[in-house]
Amino acid sequence: MAMSNGGIENHNGKVDTNHLVQRGIGNSASQLTHLDPELADGNHHVANSNSDTPDIRPSRETVHHVGKDTWWEAGFHLIAAFDNSYVLGYPGLVMAYLGWIAGPICVGAFYVGSFYNNYLLATLHETGGKRHIRSRDLAGHILGPLMYKATWILQFLNLSIATVGSIILCGESLQGIWVAYSHNSAITLPIWVVISGGTYGLFAFFVPTLHSLRLHTAVSIFLSLIFICIAVGTSFNDGFRAAAPRDYSLLGTKADVSFRSIGSLATIAFAFNSNILPEMQAVVRQPAVRNMHKALVMQFTLGNFPIILVMMAAYWAYGNAVNPYLLNSTSGPRPWVALANVTAFLQMIVSIHVYALPMYEFVDTFFGRNYGDKRDWSAHSTLIRFLTRGTFIAIATFFGALLPFFGDFVALTGALSVFPLNFGLVHLMYLKVNGKNFALYQVAWHWGMIGLAVILTVTTATASVRQIISDATNAHVFSNT
């Protein structure tokens, strides 16, 4: 059985379902399952994949676009997801907690490990002759329904927390612009967070799918270059002009230093992993595995170099006094700092959308109807987008304004989802698929990585929760921090 050009081909011949698509009912499982028993499990989809190999079909139905982007467009998506305002927080949330010795070692180790894990994950994309276009589809196909549900929960938890943290960062950027040109402190950070959430809500409504985001991600890379160059340039300028030596010691009690150091490992993991690689790979043209490998090389060279550069340059310039939002530490010309905040805000709007789209894809598919090429802007689709995305963004904005501790959100996100999914689950799935052909040392290696992921998950989650409790205790809700 194969999908091709809007039809379903079974062992008895080809049945054309274009009339169903045109009438807006082509995504109904109940109307299609009589044609093929496999579709009863949800293994059906709108045939818009534009695949070069039609026998490799998407794992489940989706109203979003599959298989239409080049590898370099996928690379743009990846870079847009990583080179965002979070970069400005890593000097204060990683290097200031680890120092000059442990910091570069841990960053280098996670950099290599993250590329390796993502490379393995991309290799599994077409396991079993299907394009597994969602993380949960891949996990469920290889490890069963329980892992399908667990992956779904962990991934959506990751994306929800990341959205909250991203909206907080947008608020930080707007507040930075305001502070640069006004001495009026009446407009506090929670207000800027609400403004940011409203702005992102409008953007999310008008950009329905990841495929339609490809131009925005290209522009966002240019925006990233602006605020990253300004951040690095002002950091070097401040570092060379500093009158006194910088303090690179680790601040706090021994317990504080230990917990912060452990929690920073989750931040590093978050810096190099998205938890939505299968969803990004879904938009890539065939050959999907080879093209995604090219996109990953693009990300881990051109894309991740600025992240490491900002970490090291800012920590060298300011030491342990570096602000968790780097632009609040710089003393560069006011127009340049304001420009950096403006571009950081605009770029983060795009980045939030990349992370949130897997959740939107689920809701759009669940409630959606297929109207062919016009389905993204049908009255039904626009209403669903307005209600569902608006509700989600409103909730995320409320929590962002309530507890504006974006650094804690970053660490918690990495702890609860990146380590289990991008480190542990990847190796478990790879063993399940290929383990019969492995030598004993290869099996031991992958099980060792799984064990390490479990240890990191428990320790970093504990450290992150402790930090959130500490910050919540020392600050009131809706605080201007």
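We count from 1, first residue shown onward.
Even glycines carry a Cβ here, placed using N, Cα and C.
Unlike curated entries, TrEMBL annotations are predicted automatically.
Record features (TrEMBL):
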- 68-468: domain 'Amino acid transporter transmembrane' (DOMAIN)
- 39-60: region 'Disordered' (REGION)
- 94-116: transmembrane segment (TRANSMEM)
- 156-181: transmembrane segment (TRANSMEM)
- 187-207: transmembrane segment (TRANSMEM)
- 219-237: transmembrane segment (TRANSMEM)
- 257-276: transmembrane segment (TRANSMEM)
- 296-318: transmembrane segment (TRANSMEM)
- 338-363: transmembrane segment (TRANSMEM)
- 383-403: transmembrane segment (TRANSMEM)
- 409-431: transmembrane segment (TRANSMEM)
- 443-465: transmembrane segment (TRANSMEM)
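Packing against the transmembrane segment (187-207) from elsewhere in the chain are residues 167-168, 170-175, 178, 213, 216, 345, 349-350, 352-353, 356, 360, 382, 385-386, 389-390, 393-394, 396-397, 400-402, 404, 478-481: each is 6 or more residues past its ends and has a CB under 8 Å from a CB in it.
The stretches the transmembrane segment (409-431) and the transmembrane segment (383-403) do not meet in space: the count of Cβ pairs below 8 angstroms, excluding pairs fewer than 6 apart in sequence, stays at fewer than three. The stretch in 219-237, 257-276, 296-318, 338-363, 443-465 that contributes the largest number of Cβ pairs under 8 Å to the transmembrane segment (156-181) is 338-363. The stretch in 94-116, 219-237, 257-276, 296-318, 338-363 that contributes the largest number of Cβ pairs under 8 Å to the transmembrane segment (443-465) is 257-276.
Of the recorded ranges 94-116, 219-237, 257-276, 296-318, the transmembrane segment (338-363) has the largest number of C-beta contacts under 8 angstroms with 219-237. Same-chain neighbours of the transmembrane segment (219-237): 76, 79-80, 83-85, 87-88, 306, 309-310, 313-314, 316-318, 326-327, 330-332, 336-337, 339-341, 343-344, 346-347, 350-351, counting only residues six or more beyond its ends whose CB sits under 8 Å from a CB of the stretch.
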